[in-house]
Amino acid sequence: MAKTERQELIRASLDKQPHEVASMFDGVAKRYDLTNTLISGGQDVYWRYETRKALALRPGERVLDLAAGTGVSTVEMAKSGAWCVAADFSQGMLAAGRFRNVPMVAGDAMALPFADESFDAVTISYGLRNVADPDLALREMLRVTKPGGRLVVAEFSTPTFGPFRTVYMEYLMKALPWVAKKVSSNPDAYVYLAESIRAWPTQSQLALRIADAGWSAVKWRNLSGGAVALHRGYKLA
Ligand SMILES: C[S@@+](CC[C@H](N)C(=O)[O-])C[C@H]1O[C@@H](n2cnc3c(N)ncnc32)[C@H](O)[C@@H]1O
């Protein structure tokens, strides 16, 4: 098979066709968690801890971790004592996380396989950017959340300090695919990662979209100088 044909199969394009995105993640599943930790310089652990804190989970609450991949984010949430379920549409990612002790469900963020008002909290880490229609996914997340429940979106974002922003975007565009080539089972997926981060809305733009989907009191907090942002919102009681 010619290289260009092969790349079409394993690297999603920025219009994020669901079958392309799912098979791209199937392709990186095996070494996904390790690659993440390496390319983030270990900061992914701190980002996950802060995401759990932002959710302020209590034992016994029901939590949906959407686009959960191998469930590494779900395991972090479950440390709170809440009942956390991982959902993702990549069978490969779910299979790579089979050894984790969390319930896993195959499902599409744009048509969630859950009843209305099922969860106390819904969260999505580094997933919303990959969904073909993020606004539809935000509305689906609202539908399955109980009145008074909350949302936390963890996503790559725009560094706030100009010089850092420039270095960061250079790092993403040049070093990231190079590092990924050394460690990932599908380095082309990391070219997509860099491109999709650059095309993603800023913190304030994303806050408006979350509010437009029906969430209230939307606020965000920057981590690592804005390389990551945690957006929080509530479903009116
Ligand atoms: C970058 S990974 C994040 C995994 C995990 N949350 C983490 O923090 O490491 C993004 C995940 O989003 C999933 N995804 C993308 N679009 C989706 C959709 N429409 N429905 C469900 N999952 C989706 C992909 O399959 C992938 O596993």
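Cβ from N, Cα, C; glycine included.
As recorded in TrEMBL:
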- Thr70, Asp88, Asp108, Ala109, Ser125: S-adenosyl-L-methionine binding site (BINDING)
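Positions of TrEMBL features highlighted on the structure.
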| residue | record | DSSP class |
| --- | --- | --- |
| Thr70 | S-adenosyl-L-methionine binding site | coil |
| Asp88 | S-adenosyl-L-methionine binding site | strand |
| Asp108 | S-adenosyl-L-methionine binding site | strand |
| Ser125 | S-adenosyl-L-methionine binding site | strand |
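Within the same chain, residues at least six positions away from Asp108 (S-adenosyl-L-methionine binding site) with a Cβ under 8 Å of its Cβ are Pro18, Phe89.
Among the binding-site residues Thr70, Asp108, Ser125, the residues whose Cβ lies under 6 Å from any atom of ligand 1 are, in sequence order, Asp108, Ser125.
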